[in-house]
């Protein structure tokens with residue numbers, strides 16, 4: 001086993017002391033047992049727990065074969081999905097690939113350009129994307145459990161027409177891959193009738209926990225990332241975080257500290273990175289925790305920040321604003337690439353004190369200085385150390401945060417595996433759009449909006 005993630009809690013003191021962590025150990029162990037025995041709320045959606053060792057090997061092989069077909073056939077790969085249907089794959093691709101992978105020549109990239117659609121309803125975004133890709137060879141992966149989620153359904157209708165006009169129905173079906181329910185739903189019906197290759201979203205894995213299913217694995221594999229290594233990282237994390245000893249289990253310690261802080265009025269957690277390629281990992285994490293914990297009038301509000309960039313916008317608030325914040329820093333110990341700062345004889349910028357130092361060294365000192373400054377200002381800091389950004393450690397990070405999320409939700413007394421609140425805006429939107437069956441509601445809403 002490679003080196004694992006490690007947790008540094010020294011800068012959560014004096015806000016949380018060790019005896020408070022120990023006090024929560026038995027409760028956390030009980031919540032973990034509830035997860036393992038599948039006796040708690042939402043227990044029909046716990047397939048993610050054993051997924052790293054219990055995935056469908058035949059389908060996994062088909063994913064790798066389809067990814068090779070996509071790489072060999074297409075200039076552009078369009079991933080259509082919203083929420084958990086795209087955030088995980090985008091987080092992995094952006095974390096591990098070249099920062100500017102879409103701008104590289106294909107001879108350097110060796111994989112298609114990858115663009116994401118169906119995660120908004122912006123006509124400008126869609127028109128610009130169509131303009132960009134219309135003259136290129138295109139493959140599409142549409143990801144939806146039901147096939148009727150508004151944003152991806154609209155996007156797929158548009159791209160399906162584009163591909164059929166460009167390649168004919170027979171040609172289009174060779175370039176469309178559908179990830180959907182095993183047996184039911186509009187997308188399953190369409191995929192079966194059109195003859196698309198399909199991959200299954202497991203019934204027992206919710207969308208925000210689905211990155212290690214075909215939902216995430218096909219786009220990730222098509223980007224050239226080693227999904228075997230990713231599953232290995234998740235499997236090793238599953239084994240490591242099976243310990244019921246809070247001294248050894250970093251998931252337990254993370255859950256204990258964040259919940260102890262929450263009980264003391266620290267109601268906002270900021271996931272902070274110092275690597276721009278982790279931006280979408282923060283977006284994935286926000287959905288994971290926001291949908292899992294935010295219900296019944298409770299929950300830690302998940303925010304994410306990209307430092308040092310956001311220190312020049314949010315830094316003032318974090319340092320001296322309302323004291324309801326704590327931070328979780330992702331500290332990448334070894335960067336993918338290094339670049340040295342050279343000496344300048346004139347030294348007009350006064351930076352020669354950094355000459356012959358690596359930019360990553362400067363970045364790490366910025367992280368260390370920020371942790372200390374924010375701690376002095378009343379903001380506790382959890383530091384999660386990650387040896388490197390690779391497929392293996394992406395798998396580790398995913399499992400770490402997913403397991404912590406499940407335990408933490410139970411600790412807060414909520415069902416972390418449902419999301420009833422997301423239906424409210426949809427009902428209003430459908431009524432305002434005139435969807436059949438919503439006529440009475442439409443009139444009421446229009447009156448309220450006057």
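Think of each number as a place in line: the chain as shown, counted from 1.
Cβ atoms are placed via backbone N, Cα and C, with glycine included.
Positions annotated as active site, proton donor by Swiss-Prot: 291. Taken from Swiss-Prot, the feature active site applies to 312, 426, supported by sequence analysis.
Structural mapping of features recorded in Swiss-Prot.
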residue: 291; record: active site, proton donor; contacts (Cβ under 8 Å, 6+ apart): 208, 419, 422
residue: 312; record: active site; contacts (Cβ under 8 Å, 6+ apart): none
residue: 426; record: active site; contacts (Cβ under 8 Å, 6+ apart): 150
Please report the DSSP secondary structure of the residue listed as 'active site, proton donor', reduced to three states. helix
